[in-house]
């Protein structure tokens, strides 16, 4: 009995961990032979309780003096960085204009130099945060809540939604509803999928 409770406790802890969440935890729990209902229920609870903590503590934290000071420092650094980039760009443009003014010879570079010039670097892949922000701007809070567990994880999706000025209560409702749907689908898919594989090789 104690061992069984310990296993369910581990399911809860893993579900509450941002890097694991229900997409991994539910198949693991059912694969261990635990009851699918309790695996789904405990995984949902472990995943949803941190969301409540994130949503309602983040708003409080954003009102603290420390956060406002940190945000002001970050804004100043960003402004200084942008100013430095503009200054460097202006210097480069002036140098190019001076070089063009002093040059009377036409450009006779060999076409092979152009052909073998280094290719521009490929566009970097978007981060999970950028992907989530794009989903939010395109589909709104419902889209981020539904796709969040697969794209960023539900915890990060909640943080991103709040950072983009989503309403606290709506975020809670949409994230909770999405998590219910994902839990049911994953529990059913894991249970019947494992059962099918077991029957296939029995």
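Cβ from N, Cα, C; glycine included.
Where the annotation comes from TrEMBL, it is an automatic prediction and has not been curated.
Sequence-distant contacts of the transmembrane segment (6-30), counting only residues of its own chain at least 6 positions beyond either end whose CB sits under 8 Å from a CB of the stretch, comprise 36, 38-40, 42-47, 49-50, 149-150, 153-156, 179, 182-183, 186-187, 190-191, 194. Among the features that TrEMBL reports, transmembrane segment is placed at 6-30 (among others).
Residues or ranges marked as transmembrane segment in TrEMBL: 37-58 (among others).
Marked as region 'Disordered' by TrEMBL: 77-129.
Annotation source TrEMBL lists compositional bias 'Basic and acidic residues' at 79-91 (among others).
Annotated compositional bias 'Basic and acidic residues' per TrEMBL: 99-116 (among others), in sequence order.
Sequence annotations record features per position, and here TrEMBL assigns compositional bias 'Basic residues' to 117-128.
Summarising the annotation, TrEMBL assigns transmembrane segment to 139-162 (among others).
Sequence-distant neighbours of the transmembrane segment (174-194) (same chain, 6+ residues past either end, Cβ-Cβ under 8 Å): 22-23, 26-27, 30-31, 36-37, 39-40, 43-44, 47-48, 51, 55, 141-142, 144-146, 148-149, 154, 157-158, 161. Look at TrEMBL and you will find 174-194 (among others) tagged as transmembrane segment.
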